[in-house]
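Feature annotations, reproduced from TrEMBL:
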- B:6-121: domain 'Tetrahydrofolate dehydrogenase/cyclohydrolase catalytic' (DOMAIN)
- B:142-298: domain 'Tetrahydrofolate dehydrogenase/cyclohydrolase NAD(P)-binding' (DOMAIN)
- B:G168, B:R169, B:S170, B:V238: NADP(+) binding site (BINDING)
There are 2 protein chains.
Amino acid sequence: MAAKIISGTEIAAQIREELKKEVSEMKDKSGIIPGLVTILVGKNPASVSYVTAKQKTAHELGFYSIQDDQPEDISETDLLNLIDKYNKDPKIHGILVQLPLPRHIDEKKVLNSIDPDKDVDAFHPVNLGRLMIGGDEVKFLPCTPAGIQELIVRSGFETSGAEVVVVGRSNIVGKPIANMLLQKGKGANATVTVVHTGTKDIASHCKRADILIVAAGVPGLVKPEWIKPGACVIDVGVNRVGEKISEKTGKPVPILKGDVDFDAAKEIAGAITPVPGGVGPMTITMLMKNTVKSAKLHAGIK
Amino acid sequence: MAAKIISGTEIAAQIREELKKEVSEMKDKSGIIPGLVTILVGKNPASVSYVTAKQKTAHELGFYSIQDDQPEDISETDLLNLIDKYNKDPKIHGILVQLPLPRHIDEKKVLNSIDPDKDVDAFHPVNLGRLMIGGDEVKFLPCTPAGIQELIVRSGFETSGAEVVVVGRSNIVGKPIANMLLQKGKGANATVTVVHTGTKDIASHCKRADILIVAAGVPGLVKPEWIKPGACVIDVGVNRVGEKISEKTGKPVPILKGDVDFDAAKEIAGAITPVPGGVGPMTITMLMKNTVKSAKLHAGIK
């Protein structure tokens, strides 16, 4: 039987509708409007397109949003001062600095200068520490792991008591999602194993996973025989494996492939995310969710 | 064959000797003396005895150390001001507030007011976040997990590629040790599974562990048949299961039992920590190690 396809595109659209309603109600009741600033240094085309997509979504949801473009040669001090300005700006609840930054700027220093309570990307050590502690301590969850958790829960998979195997130990995906799913509470309480390049037999671990999360960055790494029949498979990999001519535009576009052999895996899994259209569309949406939460926390709304 | 007994008492003594030498050399070379303040609120007898032991060790290692006793009814504001004073004191590199605090004081607020760079207990979210990120980001490791890692490494067990199972997901032991052992690098790079009260079949996970770390707080939870022959077993449990009359003093003393059925387990494991005398003696020693590291970091010594 073919697996259910978990559409990140559809689930993200659903969450955005919920957020839009929440933003509108919040505005009516308390006059609070979530404020997001995206800071872009230079004109890297990929970065421009990411930032544009974030601004577009923020605008659609009714946010107060600022796109702050800075020249490629901005000094580190000036960038830190700019962040400090937004840290102090009561209309701004979320600050996002688009990466990568030019080489002359210390990326870590810049990210760590964002007020943790406005760090809607949740890359700051304080927010990762809060994530590890869990419970009420958590303010923001990093966007991709938060999106993964939503995909699992909204597809109707029970995480409590489930065997979860996470392939990959990146700071952006593997480590945070593992820490999130092993916590007590809803959408979590799973038994979690993290496997990685140092693991002797990755396949044997994958085979016992009720929920398999793959964020290794290796196209087609996970073979169909590694998948437990009926498992929920979340493929975080976005690997460019070539180019093709778009039927729509006639222009070359990258061919994307996940970390899972999708065509074969979907005959065994119970549910699986496609690439593209799975985890990808969730990330920006979770950034918006964090910004709404930040606005509420700053205003003392529960 | 009976397991090798991993003596925390001996390994801790060995590390303290190394630290003593390091402190003495640091003093000679650069005039820096590690400074530790232990703050005790009230006169809880257990707390008094813990703080006394910490001060005694600090003194033996040649630290500059202050025991700061405060009355039970100190206000939260006064306690926060006291911490602020030590945050600013260049002679102090480590600040320890002995827990528990009286009910009228917000424990979390107090702990989070310690400068993360003097937080030698490493309970602050910033230090837990740094721990999750790993690598050069890490400043201090929480003392009990750090002690566990030393016990494993100094007993000659290879963590790289090993199957590690952690029983328990506390913020003090289970979560941090799991995060530490799955990192890249020496004394880590293990495949890590965290099991807990929400896990369906704890035994089956324990059975595949090359290194089994048990921090559940349930006396005798781990049965001998759960242990893989030759495994390294670290028992973090310290459970009071009764009282006996001390032969030395003639006074009643608690009978302590670990989370592992020690007598039976030692016939199957390759190495095992006793309770008491295993993980326990390591904790204070790792606090001292963190304080020495803090002194070096503050002085810019590598």
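From the backbone N, Cα and C atoms, a Cβ is placed for every residue, glycine too.
TrEMBL labels come from automatic prediction, so no person has curated them.
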Chain A, Cβ under 8 Å: which of the binding-site residues B:G168, B:R169, B:S170, B:V238 qualify: B:R169
Among the NADP(+)-binding set B:G168, B:R169, B:S170, B:V238, as the record gives it, the longest Cα-Cα distance in Å: 16
The domain 'Tetrahydrofolate dehydrogenase/cyclohydrolase catalytic' (B:6-121) - residue tally per DSSP class, helix then strand then coil: 61 helix, 18 strand, 37 coil
Set of same-chain residues at least 6 away whose C-beta sits under 8 angstroms from B:V238 (NADP(+) binding site): B:L256, B:G258, B:V275, B:P276, B:G280
Across the domain 'Tetrahydrofolate dehydrogenase/cyclohydrolase NAD(P)-binding' (B:142-298), average pLDDT on the 0 to 100 scale: 97
Residues near B:S170 (NADP(+) binding site) in space but at least six apart in sequence (CB under 8 A): B:A215
For B:V238 (NADP(+) binding site), the three-state class that DSSP assigns: coil
Close in space, distant in sequence - B:R169 (NADP(+) binding site), Cβ under 8 Å, 6 or more apart: B:K175, B:A178, B:V194, B:H196
